[in-house]
Amino acid sequence: MMNWVFPTVFLCVYGFFSMMRPSEPFLTDFLTGPYKNLTTQQVTKQVIPTWAYSNLFLLIPVFLVTDVLRYKPLIVLQALTFILAFILLLFSSGVVLTQCALFAYSMGTAADTAYYSYIYSVVHPQYYQRVTSYARGAVLLGYACGSLLGQLLVSLGGISLYWLNVITLNSVCLALLAALLLPMPEKSLFLRESEMDYNPSENVTSSSRGSWVWVVRCLRRGRRVVATALRRLALDCKECYSSVTVLFFCVWSAMGKCGYYQITLYVQLLWESKQPPYNFTAYNGGVEAMYCFIVPGSVASIAVGHLALEWTLWGELVLGVFTALSAGVLYLMSMTSNIWVCYICYALFKTIYMELITICTFQIARGISRERYALVFGVNSFVGIVLQSLLTAIVVNTKTLELTICSQFFIYASYFSALAVLFLSRGVYTVFHNQLVEHVTPEGLPDRRTDLPQVSPLT
C-alpha cells in the first residue's frame with residue numbers, strides 16, 4: 001500500500017500547486033491591459049502562437065531524455081520553467097519579452113509527459129487506473145481552485161491582475177518543493193544503464209584518472225549508444241502501435257490534445273468578443289472553476305478511475321459519443337451571442353475532455369510495457385502539438401483567410417465532428433464484430449460423442 005501511496009501523494013501535491021494559477025484565466029486581460037499594453041492583434045498573431053510553435057520543437061528532446069533522466073529531473077525542470085515564465089510576465093514588457101515568457105512556459109508544458117509517466121515507474125500495474133485518475137484529478141482541482149481564487153479576488157477583493165501573478169508565482173514555488181521531495185525511480189527503464197556505468201576497478205590507478213578514462217570511453221561509445229537507442233526507439237514504436245486498440249486510444253489522445261490546447265488558448269479572445277460593451281465584469285476565473293465544482297470535473301475524473309467497464313469493447317464507442325457532444329457545445333459556443341451560454345458550453349467541453357483523456361491514459365498504460373510510457377506519451381503529445389501548429393498556421397496565421405474568432409471556433413467544432421465520426425464508426429464496427437464472432441461460435445453445442453465402439457488393432 002505504502003509503495004504506491006507515498007509517491008502518488010507527493011505527485012498530486014505537485015500537480016495541485018503547479019496548476020493553481022489564479023492569473024491564468026485573466027492572461028489575455030493582463031496582456032492587453034495597462035500592465036503590458038499589447039493589442040489584441042499582437043496577442044492573437046504573435047504572442048499566443050509562440051507557445052504552440054516552441055512547444056513543437058521542445059517536445060522532441062524532452063520526451064527523448066525523460067526516461068534516461070528518470071522522470072523526476074524533468075518534473076523539477078518543469079517547476080523551474082514555470083517560475084521563470086511568471087517572473088518574466090511580472091517584470092518584463094514588450095512583445096519580445098512576453099514571447100520569451102511564453103517560450104519558458106512552453107518548456108514547462110512540454111514536460112507534462114514526465115508528470116503523467118513518472119507515477120507508472122514507481123507503482124505496480126494494478127494501481128495504474130487509480131493513480132492516473134488521482135494525478136489528473138489533482139491537476140483539475142488545482143486549476144479550479146486557482147481559477148476560483150482569482151475570480152473571488154478580482155470580483156470581491158478588488159485585487160489587481162498584477163497581484164494574481166504574484167500569487168501564481170508563489171504557488172509554482174511550492175510546487176517546486178513538492179517536486180524535490182518526490183522519490184527517485186530506481187533505474188532508467190528504456191536505456192540500459194550498464195552501457196554507461198562507471199566501473200572503478202577497470203584497470204585504473206587513481207580515482208581522478210579513472211574518471212577521465214570513463215569519460216573517454218563514454219565519448220567513444222557515444223555513436224554506438226545513440227545508434228542503438230534510435231534503433232530501439234524505432235522498434236519500440238512499431239511494437240507499441242501494432243496493437244489496434246492501443247493505436248486508436250493514442251489517436252484520440254493526440255487529436256483530442258490538439259483541439260483542447262487550441263480551444264483553451266483562444267477561448268479568452270472569444271469571451272472578449274461576446275462580452276456586453278457596458279458595465280460587464282468578466283467571470284473567466286469563475287467559469288474555469290465551474291467545470292470542476294459545479295459540473296463537477298475533478299470528481300468525475302477520479303470516478304472514472306473506479307469505473308468498471310469493458311473498455312476494449314466499448315471504449316471507442318464511448319469516445320465517439322462524447323466527442324460528438326463536445327463538437328455540439330463548440331458549435332453552440334461559436335454561434336451564440338450570449339456570454340453566459342458560452343461560459344456554460346466551455347465548462348461542459350472541458351469536463352468531457354478531461355474524462356476522455358483520463359480513459360485514454362490508463363488504457364494506453366495497460367496496453368504497453370512500463371519502460372515505454374514516456375515514449376508513447378511523448379509521441380502522442382508530439383503528434384498533438386504538430387497538429388495544433390498546423391491548425392494555428394492555417395486558421396490563425398494565414399493572412400488570406402483573416403477569420404474572426406467565432407469563425408475559428410466553428411472550424412474547431414468541425415474538427416471535433418470529424419474526430420467523432422471516426423470513433424463512432426470504429427466503435428460500432430468493434431461492437432458488431434464482437435457480437436458477430438460470438439454468434440458464429442455459439443455456446444451450448446452438443447459435445448462430440450465419445451461412446452463409439454472401439455476397433456481392435458489388427459494382429
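Every residue number used here counts from 1 along the chain in the order it is shown.
Glycine residues also receive a Cβ, built from the backbone N, Cα and C atoms like all the rest.
Per TrEMBL, the feature transmembrane segment maps to 49-69, 76-96, 102-122, 134-154, 160-182, 240-263, 283-304, 311-332, 338-362, 374-397, 409-429.
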Task: Same-chain residues near the transmembrane segment (102-122), Cβ under 8 Å, at least 6 residues beyond its ends - done: 3-4, 7-8, 11, 14-15, 47-48, 50-52, 54-55, 58-59, 62-63, 66-67, 70-72, 74-75, 77-79, 81-82, 84-85, 88, 128, 131-132, 135-136, 182-183, 185, 189, 361, 365, 370, 373-374, 377-378, 381
- [ ] Any chance you could find the range in 76-96, 311-332, 409-429 with the most Cβ pairs under 8 Å to the transmembrane segment (160-182)?
- [x] 76-96
Open item on the list: So, taking each listed stretch (338-362, 374-397, 409-429) in turn and counting its Cβ pairs to the transmembrane segment (311-332) that are under 8 angstroms, which one gives the highest count?
Closed with: 409-429
- [ ] Rank 49-69, 338-362, 374-397 by Cβ pairs under 8 Å to the transmembrane segment (409-429) and hand me the top one.
- [x] 374-397
